[in-house]
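Database features (Swiss-Prot):
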ACT_SITE  D244  active site, proton donor
BINDING   R53, G54, A55, R90, Q203, N254, K255  substrate binding site
SITE      C164  site 'Transition state stabilizer'
Amino acid sequence: MRVEGKPYTTIWTGEDGASIKIIDQTRLPHRFEIIAISDVEAAARAIAEMWVRGAPLIGVTAAYGLALAMRADPSDANLERASAHLKATRPTAVNLQWAVDRVRRLIESAPPPQRFAAAFAEAGVIARDDIALCEAIGMHGLSLIKTIAAGKPPGAPVNVLTHCNAGWLATVDWGTATAPVYKAHDAGLAVHVYVDETRPRNQGAALTAFELGQHGVPHTVIVDNAGGHLMQHGGIDMVIVGTDRTTASGDVCNKIGTYLKALAARDNNIPFYVAAPSPSIDFSIADGVREVPIEIRSEAEVTHISGLSADGEITRVRLTPEGSRALNPAFDVTPARLVTGLITERGVIKANASALAAAFRERVAG
């Protein structure tokens, strides 16, 4: 996608062909800064401190991180150590585990001197595959938007509600939940996005609004608790969110607050779709509420907030009284019964075990 008219992906190979570069997303939307990553510690820090975030992107970053670990020390011991270190950075998103395991399986039987080149190349394949998956999700989601548009007055926009950032900044390109929106906008369809601010890190207000604006997509930022009100008054035509982990039964783990949006959508008969690339589907578990590990992040993300001051500096301030505790679960689980459909790279499917198994037979067999 584009920033100030220049094409970017969220992660790319450095000029030396043996490092990577990323966009520091903690600085957006007020600063656009690029960081070079040349070792596994930097890759792990980028994931843990959310310089990169979004399930698909942290998976790609972790794959490159494992490759960089092999450049420094291609031993079996370091392969084990680096794999565990990267997996521990963000426990909820299944893409990270999937990508690390994929690279590890490829290289563990290779002679140590060949491991870096093989791992780095495989990370590149994962990155390119992610772009293709997201674009396919965009095309399948476009059909849903077209159907809704056909039932509205000519020229009236399809109003889409989204939560957090499941855009191109959360993937390598296109995004998951935003890919259908970009495809619709590029096809000339009138589309408008209501962007949940998404406390506590405000990734909707900071990131989704930024990328939609860069692409020229009409959008409006709303506070997290406004979505239900808009649904009650006919302001929302459909909801599209992303997923950090979807279970074999169709339960969806996504950014905290997603479950409440699904409940409101069900109460108002509004379709609730989840953009779910197959690497985000975890066929090893079925009960999302009981089995998905939920990351608990720092209290400081709730008690403090960053923004742009009047003098143009990014400033951090306290919101809560000194001494007040905060609880900060990063994700929640939306039961499959509340999901209208999963928009995958293989089409829109029902959120249930049989539909998922039929669509991804090779994953179930494996």
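From the backbone N, Cα and C atoms, a Cβ is placed for every residue, glycine too.
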Any further residue of that chain within 8 Å (Cβ to the Cβ centroid of R53, G54, A55, R90, Q203, N254, K255) of the recorded substrate site: I58, A93, C164, N165, A166, A170, G242, D244, A330, F331
Inter-residue Cα distance where the pair is C164 (site 'Transition state stabilizer') and Q203 (substrate binding site), in Å: 5
All-chain count of other Cβ atoms within 10 Å of C164 (site 'Transition state stabilizer'): 30
Minimum Cα separation from D244 (active site, proton donor), reported as the residue among recorded positions R53, A55, R90, C164, K255 that achieves it: A55
Neighbouring C-beta atoms (10 Å sphere around the C-beta of N254 (substrate binding site)): 28
CB contacts for R53 (substrate binding site) [other CB atoms within 10 A, all chains]: 25
Cα within 10 Å of C164 (site 'Transition state stabilizer') - qualifying binding-site residues among R53, A55, R90: none
Sequence-distant neighbours of A55 (substrate binding site) in its chain (C-beta under 8 A, six or more apart): A93, V94, N95, L96, A170, G242, T243, D244, R245, P279, S280
K255 (substrate binding site), number of other Cβ atoms within 10 Å: 27
Recorded positions: G54, R90, D244 - member with fewest neighbouring CB atoms within 10 Å: R90
